[in-house]
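**Q** Before anything else, here's the structure in question.
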């Protein structure tokens, strides 16, 4: 019985010494068991290393074990395991059930138990207790020593949960974490390790469970050799926590205490002092780094480095791209093998997708050394979303998460049809399970004939029944059961009914054919995982009564704990992983990416359930548990040391200055430390681009990424920029390569690509727009905004996906409709706006809105509390609006005469006929919200009012550009009709926009009701263009003095109009505008019918027509594409507009 330390710094050859010692023992033919004990993740590499040292004939004489493997060997020999092991998934499900049962008895964790991740946290603390040999009884016995209610209640809660967990677990199972405790108890009966010589390698520390096992082994074995990565032995002295080797020296002290307690001999240690060490014999730089990284004071290395390099990059993507280039260069120039290279990071989750994408492009074989979560696997999504559908009352999200797994008998086209219908009509809850067919109209009557509508509805219902039949059956079967076991049985039947096992097998075969070995391996494990989880539910809580929601939560908890381990598909590949897994691989070239503050070294972990103070207090009372976060932080530097000293040939550290979102990243303190040691270190960056052939050569690596760089340079050449000659040679190489020549020629042709198609044939455009052309004025304005957007909307009739919601345009139409009905009711009752009873008016608004709510097409306003609030808001706005209209009417002599005046074949007036230069007539249709008339001095003055639910300004500049034509063409049409039909002398009075709103008035505490009303009137002042006639103006606002608070006019003290502060036009100017608008519309319509579909959105200083355009994904407008330019519209002053309009009309002889 003896213990021997084998110690030395990193790279000194401790592992090799162990292997050679084993070889020597075999050659000496000493008859005793020879065992190499390593951590679980090192066992595979250790076996490979041992085989390389020993020949095939002698290799079998040595066992490579981990603590877990050792436990299984002993249990097989002497017994000890009579129950199955429960995995992490089963533990989590059991803990969920225990916490649910005891939630009312918990003192501290009652609220926390509802939080996501709490079960995992509790599972982790129980695992920690077990590893530190703490039982529920030990916790309870120490409660009286705990001061402070918070910690005491925490420990009481933990003892309650832990105790019930142990009791219920051991009915049918055993915890994996109990293996080492049982191993320590059973080792006395085992003969396997009697007189054995054991070498223990690659450990930096042990848990109390492992120390217990080591103690038993020390008492049975001939000798235990333990490697320690340290510069010298501590020999039981106090350990300085700032020492990089402090974790190792703490381990040494504990082992010394064990042999002292058991009177075990300490053999003379083996000191592997080396200069240079075996690992660094070919690199003085890496040897210097090992010696000085954590030495104080350190020794500078002044020579230029080639084995240690740094890279500063713009972002994470360019960092990995540069890493890929460097790997290719090493393999080509220095004959490096992919298997000798590792890429590691402290943020594998953040880098995983980038590395996968870039390495695939550079054709670098790689394996990401991590376990995969299964939560996003379609099979798991199908199962959980099916239960979520039933437990969350058939929400849209859960239903389509279930349907979109691709594991049901419904194709993508059927899925899209069903989803569009569901979104458009807000289908949810009972509507899915109701046997009645869905009858909501999918389209408006003018879009599809009734027969087509019926056929489409029939198809939608067929898809619905086919898609929902399995889950509806599942729902019925669930309703008649209440035990966990029964839920598992019904769920299993459901999975078999949809042929899931066969579908999984077919998918596995497809993955194999496509060469996706990792995917095939993943899917191969999933079904067994699901069955294992269901089995554990049955065995642990099978007879307990639970609800569907509880079953869903338990199953979700169980499946969330599973991770899939994948086997590397080949040996020669770059290993990608986290820093903690690095030492399990033999590598000579190491790339550490993401060497940034907070990533490497790792940041302090959260304290968890037990704070650092809690842990210190418990430790002082004799309850030793895992280290606090500060101790772990000190130990992190040993992990940094181990990482930096892993490679034997080449080390590169890289750090981006920004993450994927553009947020600034700072370099790690490790960067500055190494720069101080290596004053002339090899350092590169990709932030400042240098010119020259040498720099361009870095972009030539694998065929695919080089091809992308080539295309980029060829485009520069086409655009007239100078490129390096090397790209000409590269171009020739691709031209001579059969695989690439077609792609190259296709992309070069793409340099001439334009998304423009300025005109299409007149015949085709006629078929799309119809003949004769009949359009609304708003469509004419739309064409002015962008011809292509008009073509897509009205020619191709492309529509945005219909969603069950109330948009602002919908709300505006709704309010217009109510106001129209109210206006007609007012006429019907023989009432006037200026004398109506306001209480009656408000009741009428309520009545009209309530009647509309009973209409099936407005179901949405009854669908939620949110829309109930919207309805209340609409009522307030409309009540405020009718009050405001009444106030406007009171203030003037104009009288409302027409409401929703229409221009159409069956309208109040016929369509507005516009004769084109070809002689063809275009019919304009539309509707005016309100027309007020004034009879004065033998003339009839018109005030045209357009209700707007949002803010709207009148701009002469927009009239000039054809963006604001509606009110003027309506004015022209009405005046024309009055003259031609009735011989009435009509005159323009005003064109106004009235905003429908109920504005909030601030600081009303000291304001009277009258002052509040004045403030509201002023806030809702109309915008537009007024006839520059003081008398007519007073007929619109008979109390005007200075600036009007209802119309955009200011009068001077002498009664004249202040033209600079008013939006006014003379009778002659109105006439000019009428001519200009007719001319503009004719020009636009002719352009439209000529087939102009140019992608030419307007752009002004306050925005462009692209800002809210839903067709941007269709046109792909981009000013970098040839021919893509904005139609720049410069805002003109009113004087400039008048001048420009007159000049244009004169030029056209109009």
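Heads up, the Cβ atoms here are built off N, Cα and C, so glycines get one too.
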**Q** Out of 682, 786, which one does Swiss-Prot list together with 1106, 1109, 1115 for [4Fe-4S] cluster?
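**A** Answer, per Swiss-Prot ([4Fe-4S] cluster site with 1106, 1109, 1115), from 682, 786: 786.
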**Q** To test your reading of the ATP site: which residues beyond 8, 9, 10, 11, 12, 13, 14, 15, same chain only, put their Cβ within 8 Å of the Cβ centroid of those residues?
**A** 229, 272, 274, 277, 278, 279
**Q** What is the nearest of the binding-site residues 10, 13, 15 to residue 786 ([4Fe-4S] cluster binding site), using the Cα of each?
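**A** It is 10, whose Cα lies nearest.
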**Q** Looking only at C-alpha atoms, tell me how far residue 14 (ATP binding site) is from residue 1115 ([4Fe-4S] cluster binding site), rounded to the nearest Å.
**A** 66
**Q** Would you say which of the binding-site residues 10, 786, 1106, 1109, 1115 has the most Cβ atoms within 10 Å of its own Cβ?
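**A** When each Cβ's neighbours within 10 Å are tallied, 786 tops the list.
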**Q** Using the Cβ centroid of 786, 1106, 1109, 1115 as the reference point for the [4Fe-4S] cluster site, which residues of the same chain not in that list have Cβ within 8 Å?
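**A** Neighbours found: 785, 788, 789, 1095, 1097, 1104, 1105, 1111, 1112, 1117.
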**Q** Taking the Cβ of each of the binding-site residues and counting other Cβ atoms inside 10 Å, which one has the highest number: 12, 15?
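**A** When each Cβ's neighbours within 10 Å are tallied, 12 leads.
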**Q** For residue 9 (ATP binding site), what is the secondary structure by DSSP, using just helix, strand and coil?
**A** coil
**Q** Output, ordered by sequence, the same-chain residues six or more apart from residue 13 (ATP binding site) with a CB under 8 Å from its CB, or 'none'.
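**A** Listed in sequence order: 272, 274, 277, 278, 279.
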**Q** Between residue 1106 ([4Fe-4S] cluster binding site) and residue 10 (ATP binding site), find the distance joining the two CA atoms and give it rounded to the nearest Å.
**A** 62
**Q** Between C-alpha atoms, which of these binding-site residues comes nearest to residue 1115 ([4Fe-4S] cluster binding site): 9, 10, 15?
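**A** Looking at Cα distances from residue 1115 ([4Fe-4S] cluster binding site), the smallest one goes to 10.
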